[in-house]
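Here's what Swiss-Prot has on this protein:
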ACT_SITE  Asp141  active site, proton acceptor
BINDING   Val26, Gly27, Leu28, Gly29, Thr30, Ala31, Gly32, Val33, Val34, Lys49  ATP binding site
DOMAIN    20-299  domain 'Protein kinase'
MOD_RES   Thr171  phosphothreonine
MOD_RES   Tyr173  phosphotyrosine
Amino acid sequence: MAEFIRSDILGTTFETTSRYANLQPVGLGTAGVVCSAYDLISEQVVAIKKMMKPFHSTSVAKRTYREVKLLRHLRHDNLINMSDIFISPLEDVYLVTELLGTDLHRLLNGKPLESKFAQYFTYQILRGLKYIHSAGVIHRDLKPGNLLINENCDLKICDFGLARVQEPQMTGYVSTRYYRAPEIMLTWQRYGSKVDLWSVGCILAEMLLGRPLFPGTDHINQFWLITDLLGNPPDEVIDRITTNNTRRVVKSMAKRNPRPLKEILPAAEDAALNLLDNLLVFDPDRRISAEQGLMHPWMAPYHDPTDEPVATEQFDWSFNDADLPLDTWKIMIYSEVLDFFQLTTNAEPSGEQSQNQSQSQSQAFTSSQDLQLASMLNLGEGELLPDFAATIDPNKFGSVDYLMDGQSLDPNSFS
């Protein structure tokens, strides 16, 4: 049976397998706490996210199942990848992912990025979205804090807690207001993957501007800021508003003309502004897709259609509308852990230590009469929201160490 070690991280108890050493607090993520740790098998520093009270209610258990399933099945260079997953004796779910140095929110820190960095980051976001959308998944909560970046400028999308299926009719949701597409604010019953492309436009503008483009104080002020830049929404957009009161208010708004983006981004390249013009479009039917964005002239230095893969199959959303009891969701989560364990143990072993670890976990499983011992597995990957003191100097990309409390994380220093 695998050994679990208890640690206190940000006031909460972490129960991790002996595979992980030197746990250090990173911060609070969505519905969980994140720490860094040294993986004794891979000899890499990783991120471990504890999902708080995953079996507290049916809604929380369903969200936990959705995130675990998504992270298990979505594999792409520009998405955070899960390396391990386990369920502790206290029945908390732990997701283990790669650890990147910072996120875009911290990197910006109130300052614009050089155009070349904004360009490369935008390319990677679009490349990741092309894959996600091809799998029939919408992220729904893209924002700078959900875009992780390392010292080589590699970008990975994380936090799939709000991800949903692309379906003809969808309800509203709570996302970060600054990056929320207008069709969400206008209470459309129908929206699709283009909500993510609106978010990309807001993020690109923020990288060039150094501050949020639409920093609304509430949803009304948010919409006002959007119309102040883009003008009034066209009639075909207004006609699709399903709430009579909202439609009446939007129709009664004073006439506003669109302002040129050059007015607020005078130093931006024309090609970058043109891409923004195609992303920040009221009508999602006229907003470009991720694939079209990759083919935009501003993406030409990086665009390679042979290296922008799509998913090999659609993600299975058959569970999404299921109204199941808590115990059933719990069993389904354990099943995902088991499947992950079987795949990893059938994969090529990485040395004697890894093989011994797999054998130990297998013995823990087969000797158990309770699914609880699925916790002996290593489950992995969830969203990562790094809130630690990592810094990257945009002028010195490629030579930056991960920082924690001002100290470089040197794997050789772990014992």
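The first residue you see is number 1, and the count goes up from there.
Cβ coordinates are placed from backbone N, Cα and C, and glycine is handled just like the others.
What you see is a predicted model, and the numbers here were worked out from it, not measured in a lab.
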**Complete:** Spacing of the two Cα atoms, Leu28 (ATP binding site) and the residue listed as 'active site, proton acceptor', in whole angstrom, works out to 17
**Request:** Using C-alpha atoms only, work out the spacing between the residue listed as 'active site, proton acceptor' and Val34 (ATP binding site) and round it to an integer in Å.
**Result:** 19
**Request:** Grab the pLDDT values for the domain 'Protein kinase' (20-299) and give me their mean, rounded.
**Result:** 89
**Fill in**
In three-state DSSP terms, Val26 (ATP binding site) is classed as strand
